[in-house]
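Student: Below is one structure. I have some questions about it.
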Amino acid sequence: MASKITDRVFFKGTRYEFTLNPGPFNVKEHVLITIFANSGAGSVYAIHVVTVVKVFYKKHITFFVSLIVVLTTQVMGFGWAGIFRRYLVEPAAMWWPANLVQVSLFRALHEKEERRRGGVTRIQFFIIAFLCSFAYYVFPGYLFQMLTSLSWICWIFPKSVLAQQLGSGLYGLGIAAFGIDWSTISSYLGSPLASPWFATANVAAGFIFVMYILTPLCYWLDVFMAKTFPIFSDSLFTSSGHKYNISAIINSDFHLDIAAYDREGRLYLTTFFAMTYGVGFAALTATIVHVALFHGREIWDQTKASFHEKTVDIHTRLMRKYKHVPEWWFVCILLANIAFTTFACEYYNDQLQLPWWGVLLACGIAILFTLPIGIITAITNQTPGLNIITEYIIGYIYPGYPVANMCFKVYGYISMTQAVTFLQDFKLGHYMKIPPRTMFMAQVVGTVIACLTYLITAWWLMETIPNICDTTASNSVWTCPADTVFYDASVIWGLIGPRRIFGDLGYYAAVNWFFLGGAVAPILVWLAAKAFPQQEWIRLINMPVLIGATGSMPPATAVNYSTWIVIGFLSGYVVYRYRRDLWQRYNYVLSGSLDAGLAFMGVLIYLCLGLENISLSWWGNDLDGCPLASCPTAKGVSVTGCPVFS
């Protein structure tokens, strides 16, 4: 475009002067486009609220109210991001590992490089890897979908419930299961190539403990009636092991019908699902204690430094040549957003259910946790979740209102997560020396466009695709795993309430002890680091990451984690240690090329085949091949398709 479009200047000499050709395309423009795209690259979490109300509960919510929820939850993150820039962007110690993938990719695409004898340049490597990723994904994405989870133990023991519970990568413990599919590897934990090895090791330790020690132990000891339900499932059950009929306990006002709930009986979770909530409790307290012990001094020093000049790193010094974004811009956006959200929740209370004080409480939780969770993400590339504590708090204060619970979660949790995303982009602009005001505008515009695009697309899908999100519908690929978990959470925490699940009226009250365990764990590591200062590896034990490793399960499954860990080990330890030259040159470029190839082929398959509902039906597209993995093993429990144990 720079070489072909006219460089004529229109309205020359006036205040409206402009040209269609500002000059050669450069790396800063490329970074700005990427930041613009990043504003909508991740999922817009508030869409889950709309999906759950319309599809799962089959209740009424208007497009305009949906747009308010989606837009305000995304934009609110700007306020928190602006407040914490000085702590999470300017310090050199906050290095944000995920940005290194993009920085390496920009360098590969824009820097002129001489090809080594017998080797390839980084741009050549990117193109080759991109084409391979693009061509390969047609197999796990369409032709041979079993590649997403090769659970070969199930093939050897096709009639054994125990073997399939152990070997299923999607519905069991995933022992020896693996996926030859980049979407399986990177879909929940991000790229393993971008994860520092110490963080990968922490995730591996947490996953192994929860999946291969805690879960089997609880299951075979029949803790919380574990054998009555599947070993791994996010579904909700009755005491007899059958799916719970949620619609039977909702009254006409979209609240919990206490009398109906007493008739239907207590709601039960799989023991794994209950344990993941416990792990979430522990991760929350571990995050607070870990940041206080290991980063408290840094936070205090940075707070003092914000009031007077001090030595800064080279990136911060160079960025000061540009006009910065005044903090009052962020504060104004935040206050206006909070005011509009409060008004919307009061005016449309029949649809959103959340009272005005719920909005303010959610904002208080978000601002409290943005800094500690931002520090963890900036150092380890892993983001502990706040979703459980937000559900827990509003569930106790305001039980029986599922939409209020979901709205509180997105305002308390997602606004914080969105702030972390914005801060990561701030750091990318920091590395690449993008003018802050230009970057700010790109993020604002990108966020607004993303909200509209996501909501319109989701609304269209929900209105046009029959049986969307219905896992019982045959041959349907529209199973909505993340929405299903979101729906289950709204039932547990919102409709029924934590008191009837994890409180004095519930069956899972013992899970609350995880709060204490999470608080104690970082103290033990801190004491060990003080007692043995020469053992540097002790300080690399990051309890929030280790404990919260399985925070994405469900909907993530065992094969997502095990394959991610293996690739992370090969990249972050083996190649980094023995061929560091190759790692430095190609690791992050490879990560970007695999993502790009997968994305392009995924879109192509959907446009050419998915929209026309053209599918292949053969054994290679049986995703897991472990039909008995979800069967209960308690004596006398009868479930369709499963053997009855006596």
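Glycine is no exception: its Cβ is also placed from the backbone N, Cα and C atoms.
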Student: Which residue range, 170-191, 390-411, 478-499, is the one TrEMBL calls transmembrane segment?
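Tutor: Spelled out, TrEMBL records transmembrane segment over residues 170-191, not the other listed ranges.
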Student: Count, for each of 197-221, 328-349, 356-379, the Cβ pairs lying under 8 Å from the transmembrane segment (60-81), and report the range with the highest count.
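Tutor: Answer is 328-349, with the largest number of Cβ pairs below 8 Å.
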Student: With an 8 Å cut-off on Cβ pairs and a sequence gap of 6 or more, do the transmembrane segment (31-53) and the transmembrane segment (588-607) reach 3 or more such pairs?
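Tutor: No, the stretches stay apart by this measure.
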Student: Of the listed stretches 119-136, 197-221, 328-349, 505-529, which one has the most C-beta pairs under 8 A with the transmembrane segment (559-576)?
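Tutor: Stretch with the highest Cβ contact count: 197-221.
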